[in-house]
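Undergrad: I'd like to ask you about the structure that follows.
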Amino acid sequence: MGGAAAYGLGDFACNLYWQSLSLFLLFYYTEVVGLPPATAGLIYLIASVWDGLIDPLIGAAADKTRTRFGAYRPYLLFGGPLLGLSFCLLYYRPPLEGTMLTLCLLGTHLVFRTFYALVNVPYAALSGRITSDPDRRAQLSGFRMFFGALAAVLVSLITPASGQGGYFLTAVAFAIVATALFPLVFSVTREPEPQTTAPPPALKALIGSLLRNRAFWRLNLGALAFAVSGTVLTKSVLYYFKYQLHDDRSGALALAVMGMAGLVVIPLWTLLARHIGRRGVWIAACCVGLSGLGALRFVPADATITIAFLIVINSGFLGLFFAFWSLLPDTVDYGERKLQVRADGFVFGVAGMISKIAMGVGAGLFGLGLGHTGYRPNVIQTADTLADIRTLMTAPAAAGLCLCAALMLWEIVACRKAFRAK
């Protein structure tokens with residue numbers, strides 16, 4: 001239990017960065033820096049695609065790393081300070097305007113994404129090396145999600161609602177805390193020695209084995225669906241509260257309360273997985289999220305009611321994230337068993353690539369969708385624009401959850417057929 005909790009602290013550190021990026025950066029670009037929504041969304045999309053492309057490369061490099069500290073742990077120790085510095089630059093507004101400002105913001109975003117991948121991909125891959133027991137993996141995933149939710153709460157409560165200087169100072173504070181945590185995770189986490197002395201497989205072999213890993217692709221198609229739809233939903237929240245409900249503070253409160261609910265919901269999903277399995281949790285999470293979305297779409301516009309249903313919706317998405325990260329190491333085992341190639345770092349890197357590209361696509365689609373609604377920053381919106389913002393917040397998320405449920409049902413049917421074939 002203690003080792004799992006210590007490992008989870010790494011997710012707390014990563015999520016100080018990631019939750020800020022996910023919840024506030026696009027809002028910061030449009031409302032504080034003053035970028036057009038389409039430009040802000042494009043920056044986010046380009047950076048996410050870049051992040052996704054380098055994830056597998058970093059994963060492959062980590063698989064080939066051989067040190068007395070293991071293959072993955074050294075990246076936490078040496079990459080942490082660089083990641084913290086790059087995060088501070090993410091919220092620094094240079095004294096530039098126009099195209100030069102856009103290029104500078106894109107550059108700092110790309111630098112941050114590079115160092116984030118350098119730390120996060122090896123950290124995630126550690127979970128596949130720490131244990132091969134399914135219940136233990138579910139426990140590791142539960143602690144990761146719990147500490148990630150705790151970080152989301154702190155980010156939502158501490159990050160200022162406005163002011164360029166406030167955003168930068170908050171980024172510095174988060175960077176200091178996260179940079180201090182990574183050496184702690186490094187020191188208390190143990191990475192077992194590889195069971196084989198064979199040289200690590202070449203990149204071509206890694207790619208070939210992954211392309212034939214059906215379990216990996218079925219799982220990650222679902223991840224693609226909920227990452228795109230969840231990103232659109234999350235990025236809609238601040239705009240919905242500011243312009244539909246005329247209540248900026250409740251928007252920040254909603255994000256914080258959604259994170260707080262995760263502190264309760266994630267342990268419940270972990271316990272439920274013991275009774276209905278991780279795939280059962282996936283289906284149940286889709287049903288929970290869809291019920292909240294259906295209610296939110298048709299209830300009157302009210303801050304308290306909206307927050308309540310957002311908690312329900314977020315509980316569903318948290319269940320999906322929990323199930324995904326606890327099932328992903330199983331796809332590594334599948335590749336080793338069926339294809340004789342084991343590459344934790346590469347598999348987690350490609351999974352990260354898919355997830356981050358999906359989030360970038362979601363942010364880009366949201367920025368484009370927001371622009372098409374007729375939205376203009378810091379003015380009263382038209383009734384049609386407000387209706388479109390509400391649709392933008394609910395419809396893509398509902399479609400994504402329906403697709404997630406269908407894909408997991410496909411996975412369950414495939415597993416049963418394989419079992420009967422034996």
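Glycine residues also receive a Cβ, built from the backbone N, Cα and C atoms like all the rest.
I grabbed these lines from TrEMBL:
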type	residues	note
TRANSMEM	74-92	transmembrane segment
TRANSMEM	98-119	transmembrane segment
TRANSMEM	140-159	transmembrane segment
TRANSMEM	165-186	transmembrane segment
TRANSMEM	219-241	transmembrane segment
TRANSMEM	253-273	transmembrane segment
TRANSMEM	280-299	transmembrane segment
TRANSMEM	305-325	transmembrane segment
TRANSMEM	346-371	transmembrane segment
TRANSMEM	391-413	transmembrane segment
Undergrad: Counting Cβ pairs under 8 Å that sit 6 or more residues apart, are there three or more between the transmembrane segment (140-159) and the transmembrane segment (253-273)?
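TA: Per Cβ check, the transmembrane segment (140-159) touches the transmembrane segment (253-273).
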Undergrad: Excluding the flanking five residues on each side, which residues at least 6 beyond the ends of the transmembrane segment (391-413) place their CB within less than 8 Å of a CB in that stretch?
TA: 215, 218-219, 221-222, 225-226, 228-230, 232-233, 236-237, 240, 279, 282-283, 286-287, 289-290, 293-294, 296-297, 313, 316, 320, 362, 365-366, 369-370, 373
Undergrad: Are there 3 or more C-beta pairs under 8 Å linking the transmembrane segment (74-92) with the transmembrane segment (165-186), counting only pairs at least 6 apart in sequence?
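TA: Per Cβ check, the transmembrane segment (165-186) touches the transmembrane segment (74-92).
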Undergrad: Which residues, given as numbers and ranges, are at least 6 beyond the ends of the transmembrane segment (98-119) yet have a Cβ under 8 Å from it?
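TA: For the transmembrane segment (98-119), the sequence-distant neighbours (Cβ-Cβ under 8 Å, at least 6 residues beyond its ends) are 14, 17-18, 21, 29, 33, 35, 39, 43-44, 46-48, 50-51, 54-55, 58, 75-76, 79-80, 82-83, 86-87, 89-90, 92, 182, 349, 352, 356.
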Undergrad: Using Cβ atoms and a strict cutoff of less than 8 Å, what residues sit near the transmembrane segment (346-371) while being 6 or more residues removed from its termini?
TA: 22, 26, 36-42, 44-49, 51-53, 55-60, 62-63, 113, 117, 120-121, 124-125, 128, 206, 210, 213, 216, 220, 223-224, 227-232, 235-236, 239, 328, 331-332, 335, 388-389, 392, 396
Undergrad: Is the transmembrane segment (74-92) packed against any residues at least 6 beyond its ends, judged by a Cβ distance under 8 Å, and which are they?
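TA: Sequence-remote neighbours of the transmembrane segment (74-92) are 10, 13, 17, 20-21, 25, 28, 62, 65, 67, 108-109, 111-112, 114-116, 118-119, 121-123, 164, 167-168, 170-172, 174-176, 178-179, 182-183, 185-186.
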Undergrad: Quick test of the contact rule: Cβ under 8 Å, at least six residues beyond the ends. What residues does that give for the transmembrane segment (253-273)?
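TA: Residues 19, 23, 138-139, 141-142, 145-146, 148-153, 155-157, 234, 237-238, 241, 280-281, 284-285, 303, 306-307, 310-311, 314-315, 318-319, 322-323, 326.
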